[in-house]
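A.B. asks: Structure provided below as structure tokens; questions to follow.
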């Protein structure tokens with residue numbers, strides 16, 4: 001009887017543990033309701049009590065004073081105090097200082113001498129500013145020409161960049177979206193904003209401006225421009241912001257397309273581990289196993305390459321002060337990310353980055369950060385999105401009915417599979433894998449991104465919108 005009692009107690013304890021574990025698992029993996037979210041928070045300076053919104057839209061034309069360019073040239077002309085790379089080391093320790101010296105020489109002696117041409121290139125896109133929730137927002141706004149609109153179905157598109165990118169990423173992509181092409185029945189009225197605190201958009205002056213707030217501002221910008229319904233496309237932070245926008249404001253989003261498809265819920269992580277061990281039970285084609293298999297190696301690489309994330313999520317003002325006050329430091333910090341994103345086979349060769357993106361393109365992007373002293377304000381976005389207020393929203397666990405499309409480029413961050421994404425995006429219309437390309441797809445492979453995006457739009461069917 002005593003043994004039977006002990007056995008019964010053990011069974012009871014085991015059942016309690018299993019039951020409790022089941023309850024915890026269920027609680028951590030169940031979808032959450034959409035939170036109520038304030039869509040008009042004032043983010044300008046002061047308390048906003050006497051705030052009168054300025055709803056006007058102003059032309060924006062980049063015109064950097066020559067004195068500012070001359071000062072930059074003087075800074076780049078100083079003797080660089082750079083340590084020599086270690087023997088046999090290319091970019092394993094960060095951005096190679098020999099390559100950085102070459103870059104600075106070109107920046108000073110070639111690029112800045114033709115700055116007015118680069119400025120003209122920046123101004124080749126129609127750009128504006130307007131005030132949203134107390135903040136001055138800069139945006140590209142390229143409409144469809146009348147003769148193209150007569151033949152195509154025109155749809156408004158919100159195009160979102162990330163860090164350390166800018167609207168400069170889209171200068172080859174946007175013309176493809178607007179032109180008269182036989183590839184697609186659609187043409188797109190493109191709105192590509194500088195994110196708040198990035199580029200020429202004003203930064204929030206107090207804490208709390210996270211990806212949900214950014215999504216709200218971007219949505220309100222589109223409403224300001226007369227678009228109650230629109231498409232969203234984004235990578236990097238643009239992907240997170242786009243996901244938040246589709247989650248919080250599904251009635252405004254016709255479709256959401258991402259070229260950085262990630263999901264970090266507890267259930268998604270468990271599914272990623274399962275896929276690593278049993279890919280044949282989850283993935284349709286063996287061709288794409290390498291996107292999902294090898295999760296532990298991918299995690300190791302992610303840890304190695306995400307030091308910047310930890311710095312900016314904890315002490316953004318420290319690194320920001322160093323970068324905003326040193327154009328060479330800023331260039332090294334940003335270029336290291338572009339170099340890494342060329343893919344593992346090309347990371348050892350500085351010329352590879354130039355071939356993949358173009359030297360003028362990456363320099364243009366560095367200039368966006370330099371001219372706006374944006375290293376600090378853009379870096380703070382990481383801190384806001386790891387803060388408790390944003391984490392508590394748990395928007396990755398809030399489902400959205402918005403049609404979703406995913407493009408996975410081989411050298412981007414480890415993506416979520418369709419099986420994972422369906423926990424959040426219950427209306428996935430398009431899944432695609434590419435065995436080439438990386439994180440900055442709009443800059444590196446604009447034609448491929450265009451083809452994938454228009455394929456997604458065709459699948460969701462918008463002719464009746």
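Every residue, even glycine, has its Cβ placed from backbone N, Cα and C.
Caution: TrEMBL annotation is automatic and unverified by curators.
What TrEMBL lists as active site, nucleophile is 236. What TrEMBL records for 382 is active site, proton donor. Sequence annotations record features per position, and here TrEMBL assigns active site, proton acceptor to 439. Annotation comment: TrEMBL describes 59-170 as domain 'Epoxide hydrolase N-terminal'.
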A.B. asks: Tell me the Cβ neighbour count for the residue listed as 'active site, nucleophile', meaning other Cβ atoms within 10 Å of its Cβ, over all protein chains shown.
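C.D. replies: For the residue listed as 'active site, nucleophile', the 10 Å Cβ neighbour count is 22.
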A.B. asks: Which site among 382, 439 has the most other CB atoms no more than 10 Å from its CB, taking these as active-site residues?
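C.D. replies: Answer by Cβ density within 10 Å: 439.
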A.B. asks: Helix, strand, coil: count each for the residues of the domain 'Epoxide hydrolase N-terminal' (59-170), based on DSSP.
C.D. replies: 45 helix, 24 strand, 43 coil
A.B. asks: Round to a whole number and give the Cα-to-Cα distance in Å for the pair residue 236 (active site, nucleophile) and residue 439 (active site, proton acceptor).
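C.D. replies: Computed Cα spacing between residue 236 (active site, nucleophile) and residue 439 (active site, proton acceptor) is 7 Å.
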